[in-house]
Amino acid sequence: MQAATLSFHPSAPPPQTSACHFSSKQPNQLKYSLFSYTCPILKRSLLSTQTLSRKSICKPPAVATGKYVREDYLVKKVSAKDIQELIKGERNVPLIIDFYATWCGPCILMAQELEMLAVEYESNALIVKVDADDEYEFARDMQVRGLPTLYFISPDPNKDAIRTEGLIPIQMMRDIINNDL
């Protein structure tokens, strides 16, 4: 039994079904062209030493598909600085912070529920969202490990904030706002 040799072919196109395949001319020679493949979106090699943010690589789908977290509607997208000002300032209503990402499926579902909640609690709660990719360091400081992550912050500074992670039902959000804040 002969061992297959691994060879790199810079001019070979990327395989259609797998990352490697056997050459029909030389059945024991494995062609592996992943290392030479230039990504058409990034216009550079996939193994470049240059680093890019996840947001530049993972573009959100077109708005026409409907499956996209909108930048602003009723629940406003805010920065880390805006959140810090909201937390330090005096409020008469609870603050709900949604840490999300545009590529996150559960975040898209949660965004729809939060928009409904924003209509329902229009003057009784302040709901904002933070893009965890745009505000990576702030999300890390807030111990966001999974998405979506919600923080429910009471207007009473003596009450602890409530943190949830993952998709939660709208009724649970109502219960937290009505009973725990």
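Our numbering is plain: 1 for the first residue shown, then up by one each step along the chain.
Cβ atoms are placed via backbone N, Cα and C, with glycine included.
Swiss-Prot has this to say about the protein:
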- 1-20: region 'Disordered' (REGION)
- 1-70: transit peptide (TRANSIT)
- 71-181: domain 'Thioredoxin' (DOMAIN)
- ASP98: site 'Deprotonates C-terminal active site Cys' (SITE)
- CYS104: active site, nucleophile (ACT_SITE)
- CYS104-CYS107: disulfide bond (DISULFID)
- GLY105: site 'Contributes to redox potential value' (SITE)
- PRO106: site 'Contributes to redox potential value' (SITE)
- CYS107: active site, nucleophile (ACT_SITE)
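When DSSP labels each residue, the domain 'Thioredoxin' (71-181) comes out as 42 helix, 23 strand, 46 coil, counted as helix, strand and coil in that order. Local packing around the Cβ, expressed as the count of other Cβ atoms within 10 angstroms, is greatest for PRO106 among the recorded sites GLY105, PRO106. Rounded to the nearest whole angstrom, the C-alpha distance between GLY105 (site 'Contributes to redox potential value') and ASP98 (site 'Deprotonates C-terminal active site Cys') is 14. Counting only the Cα atoms, the space from CYS107 (disulfide bond) to ASP98 (site 'Deprotonates C-terminal active site Cys') is about 9 angstrom. Here ASP98 (site 'Deprotonates C-terminal active site Cys') is positioned 13 angstrom away from CYS104 (active site, nucleophile), judged by their C-alpha atoms. For the recorded positions CYS104, CYS107, counting C-beta atoms within 10 A of each C-beta gives the highest total at CYS107. Distance noted between the C-alpha atoms of ASP98 (site 'Deprotonates C-terminal active site Cys') and PRO106 (site 'Contributes to redox potential value') is 12 Å. Cβ neighbour count for ASP98 (site 'Deprotonates C-terminal active site Cys') (all protein chains, 10 Å cutoff from its Cβ): 23. Across the domain 'Thioredoxin' (71-181), mean pLDDT in this model comes to 94.
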